[in-house]
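Scroll down for the structure; my scribbles are underneath it.
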Amino acid sequence: MEATQFLAIQTETYKLGFIGAGKMAESIAKGAVQSGFLPAPRISTSIHSNPARRVAFESFGVKVLPQNRNVVEESDVVIFSVKPQVVRDVVLELRPLLTKDKLLVSIAAGTKLKDLQEWAGHSRFIRVVPNTPSAVGEAASVMCLGGAASEEDGELVAKLFGSVGKIWRADEKLFDAIVGLSGSGPAYIYLAIEALADGGVAAGLPRELAMGLASQTVLGAASMASKTGKHPGQLKDDVASPGGTTIAGIHELEKGGFRGTLMNAVIAAAKRSRELSQS
């Protein structure tokens with residue numbers, strides 16, 4: 001197999017570079033450093049225009065180099081974290097430096113492995129769909145290995161993204177649906193938190209208390225679903241006693257089409273992801 005031609009990356013000493021210094025790159029880098037997974041001096045990026053991005057990365061010890069090419073030269077693992085509309089140009093520009101001894105990773109939304117591999121000139125590539133809670137160590141990420149990425153490469157990337165949350169492995173054909181659920185999903189939950197807090201205020205609570213209760217309630221409910229392994233329907237039933245307050249609230253949500261609306265949101269975002277990946 002092609003993968004066996006490549007040198008294994010030394011997990012204890014490898015250097016990580018980010019091409020693209022946006023919020024997601026910052027979240028992943030900061031999470032890796034704060035979890036103790038990777039020392040900051042082994043991480044680098046390049047800032048071209050926005051001084052605030054330089055400050056953000058330097059604040060937790062990441063090296064900021066003059067150009068993208070310097071980042072690639074310095075790194076064993078290179079993460080492309082640029083906007084989808086520029087990823088092609090960026091990979092093609094750096095192609096002469098993207099040697100087969102480097103493991104390439106893309107978190108660019110909607111950009112398929114076959115295209116990434118063609119632009120880079122080799123298929124030691126891994127595609128990852130993370131989400132923004134990586135900033136607080138609670139990401140939900142999914143990855144798919146390219147043609148020449150070894151199992152060892154996969155384990156390295158799983159550990160890196162595992163340092164900022166949980167990571168799953170799935171076939172790339174599922175990625176549009178994954179974007180619709182976990183990629184866009186945090187925004188749906190932020191809307192729910194805001195609405196819960198507004199409801200609290202409407203019922204007479206001070207704003208600060210309502211927001212704190214709403215945020216912690218969502219966090220606690222998610223933890224219950226994640227850690228107990230119980231079906232969410234069962235957890236819901238456990239709270240809803242006969243003729244009580246919770247079932248009255250649930251009745252209103254059902255009348256408003258709450259579940260169908262959330263399902264539609266995931267499907268709409270997945271559809272949009274598919275459109276973007278084909279454009």
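Backbone N, Cα and C define each Cβ position, glycine as well.
These come from TrEMBL:
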- I19, G20, A21, G22, K23, M24, S46: NADP(+) binding site (BINDING)
- N68: NADPH binding site (BINDING)
- 15-110: domain 'Pyrroline-5-carboxylate reductase catalytic N-terminal' (DOMAIN)
- 172-276: domain 'Pyrroline-5-carboxylate reductase dimerisation' (DOMAIN)
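Taking the features listed in TrEMBL, we show where each one sits on the structure.
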residue	record	Cβ contacts under 8 Å, 6 or more apart
I19	NADP(+) binding site	T45, S46, N68, V71, V72, V78, I79, F80, S81, V82, V90, L94
G20	NADP(+) binding site	T45, F80, S81, V82, K83, V90
A21	NADP(+) binding site	T45, S46, I47, R53, R54, A56, F57, V64, S81
G22	NADP(+) binding site	R53, S81, V82, K83
K23	NADP(+) binding site	T132, A135
M24	NADP(+) binding site	S81, I107, P130, T132, S134
PLDDT averaged over every residue in the domain 'Pyrroline-5-carboxylate reductase catalytic N-terminal' (15-110): 93
CB contacts for the residue listed as 'NADPH binding site' [other CB atoms within 10 A, all chains]: 23
Number of Cβ atoms other than its own within 10 Å, given for S46 (NADP(+) binding site): 23
CB-centroid shell, 8 A cutoff, NADP(+) site I19, G20, A21, G22, K23, M24, S46, site residues removed: F18, A25, E26, T45, R53, S81, V82
Helix, strand and coil residues within the domain 'Pyrroline-5-carboxylate reductase dimerisation' (172-276) as assigned by DSSP: 90 helix, 0 strand, 15 coil
